[in-house]
Amino acid sequence: MSSLSADTSLTSGESRWSDAVERRHHDARLMQMLLRITPMAALVDFGLGLLAAWLVYPVMGWGVHMVWPLGLSVVALGYAVDSVLHLGKPLDVLARPAVRWRFIGEASLVAVMFSGIAIFLFPVVGPDLRFLLGVMACGAIPVGAMSAAPVREVALAWTLTSSTGVLLGLLQLPPPVSDVAIGLLLTMDLLVLASVRSVSDGVRARLRAETAALRDRQSLDLLLRDFETQADDWLWETDAGGRLRHVSLPMARALGFDEGDRLLGTRLTEVLEVRTAVSALAERLREPKPFRKLDLALSAHHPQDKPRIWSLSGVPVFDSDGVPAGWRGLVRDVTLLREQARELHRLARTDVLTGLSNRHVLQQRCTEAVSRCTSIDWPDRGPVALAPLTLCLLDLDNFKAVNDTLGHAVGDRLLQEIARRLTACVATWPQPQAVVLARLGGDEFALLIDHALTPAARDGLVAALLAALQPAWVVESLRVEVRASIGVASCAGPNLDADRLFQNADLALYEAKDGGRNRFCVFDAAMRGRMNRRAGIVRDIGLLLAAPGATHATAGRLAVHYQPQVRLIDGRLVGAEALLRWQHPRHGWIEPGEFIPIVEETGLIVPLGEWVLRQACAEATGWPSSVRLAVNLSAAQLGRLGLEAMVTTVLADSGLPAPRLELEITETALMHDPDRALACVQSLRALGVGIALDDFGTGYSSLAQLATLPVDTLKIDRSFVAALGREGGGQAEAIVRLIVQLARTMGMHTLAEGVETDRQRAVLRACGCEMVQGFFCSAAVEPQALRVLLAQRGQGVWPESAVSDLA
């Protein structure tokens, strides 16, 4: 607080000191104005004194009355001389109070001598002479007051003193003359005093304005000097002939001169001419119109320097007659700004990792190319019709595995290697300049071929891309196989736009991946139909999940059917697998193999799987206690946190004992995250739930991994079962025997899927398989039909009679 008070006091003291100096300066200037006018006014008083003496002398001679007019002349002359002598003195002398009081006294003395004429001469002269002396008085008072108006104190001293003397003289005259004269005198005095005040205030206001303008000009000059030495912008100024008359020091040094004065008188265009083409600048200087940000490229002044770019702005200067008198403006070195702008432009259009074009550039070029191609009438030539524009979308098949196992640094190097190979391949193509190679992000690349190709030529180029990626890539003594899938779409038809072209290529890429990967696929109209069907499945599943079990007007209904699992030794129904079925109002029964992969990809399998589990557990509570319920778990469910809690909640809500529930998982699901999958399976097994390994023999699980899994049942895949009982089925039978023997050794049960014939059933029984399921036993049936089977199979009924009864 004390520091703040001290700072405030210091600021206030500086302000008062500045105001006092300004007042002294103004007082000196006012005194200077007074001294310029006073000699003339004093000489007028000198003349009036002589005139009064000349008028009085014929009447009164050289009597004592002549003292006043002659004294007025002498005093006025001294006043004039003293004013002239002080006029040349410095302002600091004129600002002294003693000088002011000196001239107040001299003005008052002149007024006293003038008053003596009125006091002592008015009563003794005749009316005519008195009239002349009155006229002289009435003229001298305002003249003297206005001449002294710059210094108000001098004007007041003169006016009041002289008016008092005249008033005393008029009082000696008889009324009514004296009354009228006194009234006129007082009126005149009021007007004179008001005029003196107005003039004095006006003069002081003008002085204050001049001082403020001077202060602003000084501040501006200081700022400009600081601006010229420190700012990025430099000042320049030319005359009407374009010759420099002001050059800032930084600008002179930038031009190779030590001082700006060495450039004065030189034409601006001549200064720059040896370094740049100045035609644009010369053109701007021909017409008196302002210009801004005119870029000039200057060559290097020294060999070790780099070229510079200057940005000039200027405004014309006109004289008082409106004639152009030159130019004034700013110049800035914008070399760094332009380099940064170019770099930003490059970064905005380039993929930083690979140096290829980015998505923005590709979309821009694609939009331009599609607009151009759709405006051309390309003739259809049957199977060899030209494709004016081709878009290829490329996606690496194994990039995630490389990233996960070798790290992101190696993944980035792989992407750079892919970019190098693709660039080298495109360089060998015809018209490589018409190809835009871009990285879209992640492991996605794209090529836009902006020239006409036949289908055969197009397919050959795309095949060359795949061939360029085939050689293995060796990094840190590791061999990495590079594989990719490519979707190809061509511009065909006037109604195609860039977005649709990208969609078509993306659909073709999806088909390539779905068809086995490491291949390319060309878009056709059927792909869009499949895509629309896929989108409809996702939409309708979402509608059905909003109200599970209900029938939707446009999406149909979901239902859980059950396929019996039969024990071979006695034909009894010992379990049933819950299978999801979808009856659609337009498409009929949609196969699970079509919609299950889709809902797995979209994540809808999680809520859908929970609904199936709830439905099945609730239904199984009405079965005999010896019949188990089997429900499939997808990889998405197995890797999701909270699965154990969800299963526990469903069992508690339904009342189904945990040992009667068997959850089926696939070997593939275990491979996504083996550690997480193992922990999840162990937690589920700890609940008392049975675990079945589905499709065994087709995945990648090892015996070591199998030994760590708490599996209760191995389900033999239908691909082995289908070969049983047929010619050449010995190998499949041997595999089945090995699986059964392995299961017995590890204390597991066996169940064969897809059993359709009695021959397959017999071979499986001979191999020691414990249970079967498939069409031979029964197809998946609705809950009511299953209850009939449960009643029949519980008595050891064989499949033929059971199925016929259901029919």
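Glycine is no exception: its Cβ is also placed from the backbone N, Cα and C atoms.
All TrEMBL annotations are machine predictions without curation.
Marked as domain 'PAC' by TrEMBL: 292-346.
Residues annotated as domain 'GGDEF' in TrEMBL: 387-525.
The domain 'EAL' annotation in TrEMBL covers 540-794.
Remote same-chain partners of the transmembrane segment (33-56), defined as residues 6 or more beyond its termini with a Cβ less than 8 Å from a stretch Cβ, comprise 65-66, 68-74, 76-77, 79-80, 83-84, 86-87, 94, 103, 110, 113-114, 117, 121, 125, 129, 132-133, 136, 140, 143-144, 147-148, 150-151, 154, 203. Per TrEMBL, the feature transmembrane segment maps to 33-56 (among others).
For 62-82 (among others), the entry in TrEMBL reads transmembrane segment. If one looks beyond the transmembrane segment (62-82) by at least 6 residues along the same chain, the residues whose Cβ comes under 8 Å of a Cβ in the stretch are 38-39, 42-43, 45-50, 52-53, 56, 102-103, 106-107, 109-110, 113-114, 116-117, 120-121, 124.
The transmembrane segment annotation in TrEMBL covers 103-125 (among others).
Across the domain 'PAC' (292-346), the DSSP tally of helix, strand and coil residues reads 12 helix, 28 strand, 15 coil. This prediction places the mean pLDDT of the domain 'GGDEF' (387-525) at 88. Per DSSP, the secondary structure of the domain 'GGDEF' (387-525) breaks down as 64 helix, 38 strand, 37 coil.
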